[in-house]
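Visitor: According to TrEMBL, the protein carries these features:
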DOMAIN    44-340  domain 'PRMT5 TIM barrel'
DOMAIN    355-517  domain 'PRMT5 arginine-N-methyltransferase'
BINDING   Y381, K390, Y391, E445, D472, M473  S-adenosyl-L-methionine binding site
SITE      F384  site 'Critical for specifying symmetric addition of methyl groups'
ACT_SITE  E488  active site, proton donor/acceptor
ACT_SITE  E497  active site, proton donor/acceptor
DOMAIN    520-693  domain 'PRMT5 oligomerisation'
Amino acid sequence: MQSPWSPSASISTFITLSTISNKKASGSHGTAPLELIAEAHSKGYHSVCLPLTTENWRIRWTEMCLVPSDSIQKRTRESRRESKLVNRDLSAERKAEAWRENPCFEREEVTITELDEAENVTAIVSEWLELDAEEDGIRYDAEIALQQELAYASYLNIHTAILPAPRNRDRISSYARTVRACLSSSPYMNLAIRLPVYDTSILEPAVTVPLSPSSLNRPSSSQALLESHIDAAWETWDLIRSICDYNIRLALALDLTPPLPNSPGVLSKWAAEAVRYIFLPSSTFIANAKGYPVLPKPTQTFIRDSMTHRPNIIISGASSGLHKRGGEDAYLQYVKHLERTSSVVQAAEKAGTVENFAQGYQDYLQAPLQPLMDNLQSITYQTFEQDPVKYQSYEEAIHKALMEWPEQDNIVICVAGAGRGPLVARSLSAIDRSRRENVRLYAIEKNPNAFVTLQNRQRTEWKDRVRLVFGDMRLIKIADEVDILVSELLGSFGDNELSPECLDGAMRFLKPQGISIPSSYTAHLAPLSSSKLYNEARAIKEEKSLETPYVVMFQAVNLLSGQGPGPSGLCGPQVQECWEFEHPRKNSVLNAQGLPPTNSHNTRSAKLRFHIPHAGVLHGLAGYFEAILYGNIGLSIHPHRKDQVSKDMLSWFPLFFPFKEPLYLPSNSELQISIWRLTNERQVWYEWHAESFL
């Protein structure tokens, strides 16, 4: 689980090779790298990124490895005038073979040599290495050079290295294979792939207007083309991480050098990825009216939204004087300003919000509670009792029901599953507010330990206003027929904690015209992408870890579905309803004990169709619920309606249904989800399935 929110973003500076070469060490720090690192820290940077090797290494490697191997044979057939050239080629090949056999740097080929110089440093691997070159020999030698650089970084206790961006889309699989080999051979090294959010060179022949921030805000064919290349960049990343089997030590260093389009949908896919670094060169910034550096609006929004993942933001070129006002400090202060004004950060820091309550639980898989099978601990009850929104809603629902009940009637209220008594206390408060004196209140609880707490509260608080009944609501009897049955058995998917089965047993208490609070609840689904949740589920060492739904506070996720009807015109909204349960159940068949003979009436199924506007990978399904307590009073964790129905309710996180294998979904495709709620004499379970259509 994560620690509480850090007070500031992690910001690094990118120290270039020329800066290192031009820096003269002073006596206080001893070496140029130490001097530059000390300066960076004094300016407010948390860490530094710097190249591990010098120009001398590039020259030696080029001379050894970029001489075509077949040129030796060709040139021996030429005239004697070329003999010196042949000898040079043979000499280079001998040096290359010696290096391949035992790779080693010379002192002038590396930028740092001491542990002090490597502290809090992220290594930048040589950007000229072509891990996806067309020629096999060049790729082979580039892989050896990469392994050599990573071994040297590991020797200096550097834990993270950023690899050069892939250049050749036709050879991405070769690039990815090399990365996978490096992850295997360097078990303590974290690797990040530097990837531009899109390749501007691809667009140059097709785009007739400049790629300025303002032009990217206007819908046009060029923007559609741009969005397709953002999808292509993501697909490059998806192929690399898939070949690397979603290795948790592989991350993304997203390069925001190009201006971003004003199209949140196409950018939202990065929210579900392991973006641990964001490159922000000074050229990405524009000057505001006063000459200070600021980011274009779409990039501002992207950075603010990305703060929820706490990436390391790497600023380069801040000391180049590109902007007239503010100097280097202006870039740092501006990035910190973006964090302070980020809605996700503000929500996390504000007491009483779900984001604040959930600190440490983001993307943390939890097994759903099983209160029917297990007796909950007091600390679990206490956690849920911290939710004022839920219990206030329950109190309002009970109060509304009391106020609408005929004044002359005696009323019996029963809290089924009273726990430690929060709903009992809210029921008493609603009774007092309604000024109804002819109300009798029962509280049923099967947990023997919680029942002790109820007895204590009855003795010290409630006295004879509450009648306690110990036992399972499906089996026990109470003296009176009930007018209002109150329960809090809902799960994250509505029915996943067996509320229908429990209430089937309690409905026999109700009078024919009695009411249940809640009166109904619905389950909702949306297709979800999240490499982190997929990895978390895979890491659970249980046989059916990828066949089990989990309760999760979503963070690094992206809902893949769009709102429109899709190409077929048959698709529903982004989040769609699966099924509904109502209580009391109408026209129910009961046995002599007042119970359903079987549980077949609680089976459900749904077939849902979603439009997928942008390419993505389906890792699972996001499950939500909505409930009507009474009248117009409800509860909701539906992402589009929760703030209108029960804002800042803390008791439920969504449900995550994982898939065993990720499913690639092309742009403008359609996804059909089938889900079943099944039951037999012993248990209830879900099954789910997905199909993609073009």
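Heads up, the Cβ atoms here are built off N, Cα and C, so glycines get one too.
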Visitor: Run through the Cβ atoms and count how many others sit within 10 Å of the one on D472 (S-adenosyl-L-methionine binding site).
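Guide: Here the count is 14.
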Visitor: Whole-number Å distance between the CA of Y391 (S-adenosyl-L-methionine binding site) and the CA of E488 (active site, proton donor/acceptor)?
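Guide: Just about 10 Å between their Cα atoms.
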Visitor: Give me the CA-CA distance between E445 (S-adenosyl-L-methionine binding site) and F384 (site 'Critical for specifying symmetric addition of methyl groups'), in Å, as a whole number.
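Guide: Roughly 17 Å, rounded to the nearest whole number.
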Visitor: Checking the recorded positions F384, E488, E497, which are within 10 Å of M473 (S-adenosyl-L-methionine binding site) at the Cα level?
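Guide: Within 10 Å Cα-Cα: none.
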Visitor: Starting from F384 (site 'Critical for specifying symmetric addition of methyl groups'), work out which of the recorded positions listed here (K390, D472, E488, E497) have their Cα within 10 Å, and give them in sequence order.
Guide: K390
Visitor: Mind checking which of E445, E497 has the fewest other CB atoms within 10 A of its CB? They're the recorded positions.
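Guide: With the recorded positions E445, E497, fewest surrounding Cβ atoms within 10 Å: E497.
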Visitor: Between all pairs in Y381, K390, Y391, E445, D472, M473 (listed as S-adenosyl-L-methionine binders), what's the biggest Cα distance, rounded to the nearest Å?
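Guide: Across Y381, K390, Y391, E445, D472, M473, the two farthest Cα atoms sit 24 Å apart.
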Visitor: Quick one: pull the CA-CA distance for K390 (S-adenosyl-L-methionine binding site) versus E488 (active site, proton donor/acceptor), whole Å only.
Guide: 10
Visitor: Would you mind checking how many other C-beta atoms are within 10 angstroms of the C-beta on Y391 (S-adenosyl-L-methionine binding site)?
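Guide: Neighbour count, Cβ to Cβ under the 10 Å cut-off: 20.
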Visitor: To the nearest whole angstrom, what is the C-alpha distance linking Y381 (S-adenosyl-L-methionine binding site) and E488 (active site, proton donor/acceptor)?
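Guide: That separation, Cα to Cα, works out to 12 Å.
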Visitor: Roughly how many Å lie between the Cα atoms of E497 (active site, proton donor/acceptor) and D472 (S-adenosyl-L-methionine binding site), rounded to a whole value?
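Guide: About 15 Å separate the Cα atoms of these two residues.
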